[in-house]
Structure formats: C-alpha cells, structure tokens
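Chemist: Found this in TrEMBL, in case it helps:
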- 95, 139, 140, 141, 142: phosphate binding site (BINDING)
- 218, 220: substrate binding site (BINDING)
- 90-97: disulfide bond (DISULFID)
- 56-305: domain 'Nucleoside phosphorylase' (DOMAIN)
C-alpha cells in the first residue's frame, strides 16, 4: 500500500514518511477530554487507538441505510469472517451512523455542506486521536449529470462552487476564509484505472459543482420557488458544462477543502441519476436507481481490494 504524505517537504518527502492524520487546531492539545458529540464517542470513555487505529479507508455517504448496506457489502467483498450484520458504533446518537469493517470505516453524513462539515470535523479528530496513518477518504454519492447519461459514474478532479471556482468559502468570526478544493490526482487516476478493469459502467473524470440547495441552487424548475426561466436554466447548465462541470451535488467542496487542509488523500465518486439538460425530476424505476447507487460502492470496493492485494 503506497505511503501518504501529509505536508512533507525536503528529506521527509524523499523518504516517504507515513504521518498521522493532522488536525489544524492547537487548542485540542490543551483539552483533557475531547467529546465527539455527534458520534457519541470520547477520548476519555473510549480507547480510540484500539478501536480505530487500523483504519486505512474511510467511506462516507449521505444516506444511513446506504452506508450500512456498503458496510455489509465490503464485509463480503473482503471475505471477512463472521456474519455481515454490522453494528452501528454511533448508536448512542441519531445524527450519523458508523460501521467498522476491518480496515474500512463506513459513515453517513446527511445532506448538504453543514451536515457533512460537522461529521468531517469529528471524523478527522477521531482519526487523529486514533493515531491512524496512511488513510484514504472517499465520498460515495448520487448527483445530477451535466451532459451525461444516467448511470454514469463521475470521479471528481476539482469540486467547484456556483461560479465554477475550485474553492470553498467558510465564514469564520464574520470573515470569509477561502480554501482550495482540489482533490488527489493519484487517487482519481487509480479509481479510473479500476473502472477500466471492471468495465461494468461508464466512468469519467470531471469537475463537480457543489450547491447549497437541491432546487433553486441547482437550477431546478420544480421547487416551491422558481425565479428564472427554462431558457435561463439551460444557459447556466451550458456554462457549467463548458467550464468542465459534469455533475452537481451538495457536499463536495467542504469535503475536498477539509481533507486537503488536514493532509488526507481524498476522492469524490458520484453516480449520475439523470441528465439535467433533459429534466429535473428523477423518473428511473426504483430497481434501476438501486443498481445505479451501487456503482460507486463497487468501484471503491475494487480500489480497496487492490490496495489490500485481494483483487482477482
């Protein structure tokens, strides 16, 4: 398994030293106890290095049910002993769910930037407290396609905002802090290679636009509010496509920005449920949508198995 370099320079970089997951908060060192409230975990009540120290892959997604299904799926894919019925580590809270399967952590993050950002703060602190090393982080999701057919899987190279800029703006103490949203090129290329080996579904690399809303923010005409015309919607989508955007979702910018700042190699893999040039509502049959939603899981599972030397 290849090493992951976290903000290394000079001889450290040349020697490929594996470092722990980093947090960028000096105040954490002064705390007697760190309560990960939304995970129902704590540095005093739980032995985090013992529980999570062997984690190498973290997979996050919006739906609690989907991430439980992924945990059961990866249990079978890794051919681990025992029954694939997994236990929710966060059962003491109803905010998120978390399942550990060997070196893989599967976590739900809810919908939108605020929900995933809370989860990411506590996840990154968890990995830090557990002294995890060489971790790769994945977001598995669904999205609206921009000029792509339903069922296409998009591997994000850059997450962009509503103006197609590769940045995330966070308001801190009334001031706007801008962070880069570029994702790890090596992981993206490795995932694309995995997709070519599977040959089960079309896969592309492109930019992913992150919005703060499912309806107006994504140019939908079917929300409770709509202040623009069909022609204006299509013009905006055309501009997005020309800027390299291939899909739209609601979490990628903060996911990319926080992963990058904390030295985590990360990737966003989302399946397209519809082509937004052709409509706004998702009309595919339920069984088709279920199969679509499994595609990012199948791709990341193959990536993990290759890294662990288990791929056929």
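For all residues, glycine too, the Cβ spot is worked out from N, Cα and C.
How about a rundown of where these features are and what they're close to?
Modeler: The Cβ neighbour count for residue 139 (phosphate binding site), using a 10 Å radius and every protein chain shown, is 29.
Sequence-distant neighbours of residue 218 (substrate binding site) (same chain, 6+ apart, CB under 8 A from its CB) are 144, 211, 248, 276.
Around the Cβ of residue 90 (disulfide bond), 20 further Cβ atoms fall within 10 Å across all displayed protein chains.
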Chemist: Counting across all protein chains shown, how many other Cβ atoms sit within 10 Å of the Cβ of residue 142 (phosphate binding site)?
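Modeler: Residue 142 (phosphate binding site) is surrounded by 21 other Cβ atoms within 10 Å.
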Chemist: Take the C-alpha atoms of residue 95 (phosphate binding site) and residue 220 (substrate binding site) and report the distance between them in angstrom, rounded.
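Modeler: Between the Cα atoms of residue 95 (phosphate binding site) and residue 220 (substrate binding site), the distance comes to 28 Å.
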Chemist: Same chain only, sequence gap of 6 or more: which residues have a CB within under 8 Å of the CB of residue 141 (phosphate binding site)?
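Modeler: Long-range Cβ contacts: 61, 62, 249, 251, 268, 269, 270, 271, 296.
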Chemist: Find the one among the recorded positions 90, 97, 220 whose C-alpha lies closest to that of residue 140 (phosphate binding site).
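Modeler: Checking each of 90, 97, 220 against residue 140 (phosphate binding site), the shortest Cα distance is to 97.
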Chemist: Can you work out the mean pLDDT of the predicted model over the domain 'Nucleoside phosphorylase' (56-305)?
Modeler: 96
Chemist: Which residues does residue 220 (substrate binding site) neighbour through Cβ under 8 Å, counting only same-chain ones at least six apart?
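Modeler: Long-range Cβ contacts: 214, 226, 233, 280.
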